[in-house]
Amino acid sequence: MQLKNPILGLCQQATFMLSAAKVDQCPDDEGFEVAFAGRSNAGKSSALNTLTHASLARTSKTPGRTQLLNFFKLDDDRRLVDLPGYGYAKVPIPLKQHWQRHLEAYLGSRESLKGLILMMDIRHPMTDFDLLMLDWAVASGMPMHILLTKADKLTYGAAKNTLLKVQSQIRKGWGEAVTIQLFSAPKRMGLEEAYTVLAGWMELADKGAEAEA
């Protein structure tokens, strides 16, 4: 019998918990959280919705509409967090600065945060925002996994070449700790690999092994 990834059922039952403008409005800091970050228009909300098989994360034709930390409950101990998108020119500078302060406070203080999924548009990877997130994750010892989103926008060969190029750049600058994969929400490409990362961070891998038959 083929194993069913243990995180899949939890993601499919994900429900919205709350939105927080600052850290003291977040849920109790216990259990397991995985946060999703990405520059505006990197496909973050689409990736979250595909992973949860639902329309949980807000999508918009205007990037940067997500201004809050949005928490989604998987079970009593596990949550996904949609972080504010950054970099869209139409967002006023004071609002960008407000987002940045509270994002830094969340990332720097959250004990339950077990890993960070960073979305990069495969056509425009390694932006200044991406480099800052990589620097922070490696310096703080936070596990990071990168989704090169919108991989369906390129031919498979071009997507694979970009993956190898970015992977090489990351290894040279940040070491082996950061992992990376191709991802496409509309084509459902890379789901199993992403689920495996989530299951490991949320300590569900052993439960998957128990289900083997």
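Heads up, the Cβ atoms here are built off N, Cα and C, so glycines get one too.
Quick caveat, the model's predicted, so the values are computed rather than measured.
Quick look at what Swiss-Prot annotates:
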type	residues	note
DOMAIN	30-204	domain 'EngB-type G'
BINDING	38-45, 64-68, 82-85, 149-152, 182-185	GTP binding site
BINDING	Ser45, Thr66	Mg(2+) binding site
*Could you tell me the C-alpha distance between Asp152 (GTP binding site) and Ser45 (Mg(2+) binding site) in angstrom, no decimals?*
17
*How big is the Cα-to-Cα gap, in Å, between Ala185 (GTP binding site) and Ser45 (Mg(2+) binding site)?*
10
*DSSP-derived class (H/G/I helix, E/B strand, else coil) of Gly38 (GTP binding site)*: strand
*Sort out the sequence-distant neighbours of Leu68 (GTP binding site) for me: same chain, 6+ apart, CB within less than 8 Å of its CB, listed by position.*
Ser19, Ala20, Ala21, Pro84
*Would you kindly give the Cα-Cα distance separating Ser45 (Mg(2+) binding site) and Gly38 (GTP binding site), rounded to the nearest Å?*
9
_On a simple 10 Å Cβ count over all chains shown, which one of the binding-site residues Ala42, Ala185 is most densely packed?_
Ala42
*Could you say whether, by DSSP, Ser45 (Mg(2+) binding site) belongs to a helix, a strand or a coil region?*
helix
*When you measure from the Cβ of Asp152 (GTP binding site), how many other Cβ atoms are you left with inside 10 Å?*
17
*Around Ser45 (Mg(2+) binding site), how many other CB atoms lie within 10 A of its CB?*
24
*Entry from the binding-site residues list Gly38, Gly85 having the most other CB atoms no farther than 10 A*: Gly38
